[in-house]
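As structure tokens, the structure follows; a few thoughts come after it.
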Amino acid sequence: MLIELNKAGRRYHMGQGEFWALKDITLSIPEGQLVTILGPSGSGKSTLLNIMGGIDRADAGTVRVAGVDLSHASEGDLTQFRRDTVGFVFQFFNLIPNLTVHENIEVTVDIAKKPLSIDEVLDAVGLVPLADRFPAELSGGEQQRVSLARAVVKNPALLLADEPTGSLDFATSRDILRLLVRVNEVYHTTIVLVTHNAAIADMTDRVIRLRSGEVEEDRLVGRLIKAEEVTW
Amino acid sequence: MSPLLKRIPRTVRSNQWLVYGSITLVMLACMLYVSLNTLIVDIGQSRSRFERESQIESATFLPQKPFAALSTFERDHGLTIERRREVDAALDNGLTLRVFEQTMRVDIPAITAGRDVQADDEMLLGQTVATVLKVPLGTRMTLLGRSFTVVGFAAVPDYMYPIRTTDDAGIILDPKAFGIAVITPAAMDSCAPEALATWHVRTINGVTATARQALDETVGLTYWQDITTNPRYTLATVKLEGAASVSTSMPLVILLLASLLLAAAQGRMVRMQRAQLGTLKALGYSTRELVLHELALPAVIALSGSVLGVLSSILTMRPILNFMVSYFSVPLYVATVPWRAAIVGIVAPVFFTVPAVALVAARLLGQTPVKLMQTTTLSTRPGLLERSLHLTRGSFQNRFAVRAAIRGLTRLTLLMLGAMLAGYLLLFGGAMRDSMDMLVRGAFQDTRYNYTYVLTAPRLKNPWGGEALTSVPFTTTDGQLTFQVTGLSATSTLLVPRDSTGQAIPIDRVIITRALAQKLDLQPGDTWTMQQSVTGQEVTLTVDAVAEMYTTAAVIMPQTRLNSILGTPPSSFNALLSTTSLQIPAQDVLMTMSTAQSRAAFDSAVEPLWVTLGSVAVIAVFIALLALSIVTTLTVEEERVTISLLKVLGYRAEELNRMVLGSGIVAVATGFVLSIPLLLTSLGRLLATTTSGISFSLPIRLSPLSILFCAVIMLATYLLSLRAARRKVLGVQMAISLKAARE
């Protein structure tokens, strides 16, 4: 198993009281699986993703990803884990504005152990002609493709995408979803995709539905539809 | 209270380093400005009153014969003339006191503490000696074999800068070794009846030409010195006037730079709040209301910094003034902060900061609320320079740092200004040290004698030994500068002038010192005309060589040639140089100078210089640290989304530091390098102005060692600020990048 969570929980302090954003989450995700995490706002989707990606820590239970115990890892170990194992795709792309497309991808290559060729990845996401452009000169869809290329280029074992289509129109969103599926198929990358769009779940292997910080549903879907068929 | 105003204390709490750092920077700059102005205004006003009330002389002279009817002469020519006897008394602790008899009409001692002498066993002690040696009133001192009680401290106007001798290396003040004292005429009669008597004349309007002519015709003059060419007066006035020009320009520049830094930092803070401002604008706040609100914090910072600065200068005023009057013997009649300096000190930071921030805020708020809310940070659009830059070589992290530098060009300019300011102050210290060192080496490399004796009258025979020479004061034809012309024997071994390469210059030609060459802008081959001080005889000479001597403006030429110009016999002389002490009767000696004393005075003068330089360095480091911290804080604040993202991607703290803050070293280095020509140019202009009327010139030197030393301090300061920034970088939450929405 690539990801194993056992009774994982995450607590936030709110004024005098406390609030559990995640409670007793127990699940495992094998290598190569394309998983959707669904749920309404405040259900704990992003918190779960952050814990899996080593940018947040669980307050209860254990979290083990790619053999690393993230619950007890030091800050340095977590940094190393993120360097070697995880790729992130954000809802708002989070590209560095003063770096070109090529350089934005290079940001990951620079610290990756065995990165893929930037040109190959640029080609795969259809960005070769835009390699010297700056983010502000790109459309939202193009920026998200750069973000995806930046995550993929390090050839990570795990790719975490938080609402990757959340700020895109549906045509562009389909394009991004198609690319995600392709990455999963070509590089055998495990992908965990957070969304509140239930339609996306049908194009993935498995759907985990959260409500109020708990797993409400965890079922295999088996890629019922193709990315191009996702509707909004 | 308006809910908007509640944001201010919260903004202060969340940006403590930036706010308190800015307040401290303004406070320091303001304190420097107000303190220096206080110093100059108070001492300037005290000096004017001192000169007026003490009836300062217009000139000192020695007559060849006694006055037949002094009071008639005074009345006929509108002059006040008084004779004053003086004798040097050596004390056991290495201190020499020049003891004057009390005068009543000219150069009247001003009592700075205690009371005037009334009995013959009472004395006044010079203010500088009393301060430096911490002598209390009532102390019993033995002078000239007799015991006196110190009943008061005094300042004498023609010894405002109390130095032992007025020639060569004697210009350096050493209050631990030399001072003045005043006793009654009756006490002088009994202690030192043979004491040297000098005459002091005060004219009605200060003009001395007609008085000198009348005196020369009546009693014949063997010696004449205008007060305006007397180093014991001019060194004080020149230094005070020089300090005045420094005190009005340098601290004002520092105050302006500090205000600029504050304005820039506050402007950036306003821009960082664009999303909040957009929201407030959307809620219905007008641009005017929001601009006014954004001005509150910078105004509070500028005002509190400047008020604290003025208060600190009030607190430190007394010790600084006392320190100054321990060097310049001027009674401290005025000791208040001048209201004009206090107002400028308080208003200037507000005046420069508030409009600058208002401009930034007004420009920003000119955008629509939607536009403002779209971006949470600064503009994400790369500028023309960034777009035109195609970086392909070097490591990624270095290229990233270059892009970060270009993106933060304004920040780097600020950093460069801060480094320039700190570098200027640091190098100022270095240049002072090097210049002093050069002056000292120049003063002693040509001298192999230990004693100089100036005789009361020219002689033809030398029964005392030593090396005989002729030394006569001359002035420029406009009377602005007085200097000695020395006639040396061709075989002189005790005074060997050297050129810039260190080679001895033979004494068969007209040699001028570097100090004179600089003042009169003369070079070898140039011809100029000078005037003998006493007789007014004009002499034209051609410069053959320049000797590297900075401590005295002088001409050295063959003795026979000088005697021929003066119309005296070829073997005539009026001074002696000697390696050992000579036994010359006191009545034949006008003045004795000891090189050892001069050397000790130099050492003593350099000692407090180190304290001054150390203080300047500490202030420089503090300013640099504040400027660097403000800029690095801004950088981390403005780049927090990028930092957060890079952390998420797996970059380590040290890598982030190098990439985001690494380019700062270029700005710091550039600022430091630019401060070198800035310092040399400004210092050169300043010293040329302030030493124009006196007989020495200060060489401006900045050695590579000093530059290296200052560079190391700057680098260490920069690394220290980076250490603090590292903590800030570590503190950036990774969650920021996850929430960030950008254009």
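Heads up, the Cβ atoms here are built off N, Cα and C, so glycines get one too.
Among the features that TrEMBL reports, transmembrane segment is placed at B:17-36 (among others).
Sequence annotations record features per position, and here TrEMBL assigns transmembrane segment to B:242-264 (among others).
Feature annotation from TrEMBL assigns domain 'ABC3 transporter permease C-terminal' to B:250-367 (among others). Here the domain 'ABC3 transporter permease C-terminal' (B:250-367) is broken down by DSSP into helix, strand and coil counts: 99 helix, 0 strand, 19 coil.
Under the heading transmembrane segment, TrEMBL lists B:295-321 (among others). Sequence-distant neighbours of the transmembrane segment (B:295-321) (same chain, 6+ residues past either end, Cβ-Cβ under 8 Å): 5, 8, 11-12, 19, 22-31, 33-35, 38-39, 42-43, 259, 262-263, 266, 269, 332, 335, 337, 342, 345-350, 353-354, 357-358, 361.
For B:341-365 (among others), the entry in TrEMBL reads transmembrane segment.
TrEMBL lists B:412-432 (among others) with the feature transmembrane segment.
Marked as transmembrane segment by TrEMBL: B:609-636 (among others).
The annotation domain 'ABC3 transporter permease C-terminal' is assigned in TrEMBL to B:615-730 (among others). Break the domain 'ABC3 transporter permease C-terminal' (B:615-730) down by DSSP state and the numbers are 97 helix, 0 strand, 19 coil.
Counting residues 6+ beyond its ends, the transmembrane segment (B:656-680) has Cβ neighbours under 8 Å at 397, 400-402, 404-405, 408, 412-413, 415-424, 427-428, 431, 628, 631-632, 635-636, 639, 642-643, 646-647, 700, 702, 707, 710-711, 714-715, 718, 722, 725-726, 729 in the same chain. Positions annotated as transmembrane segment by TrEMBL: B:656-680 (among others).
For the transmembrane segment (B:700-720), the residues of the chain that approach it from at least six positions outside its boundaries are 419, 422-423, 426-427, 429-431, 433-435, 437-438, 617, 620-621, 624-625, 628, 664-665, 668, 672, 676, 679-680, 683-684, 687, judged by C-beta separation under 8 angstroms. The transmembrane segment annotation in TrEMBL covers B:700-720 (among others).
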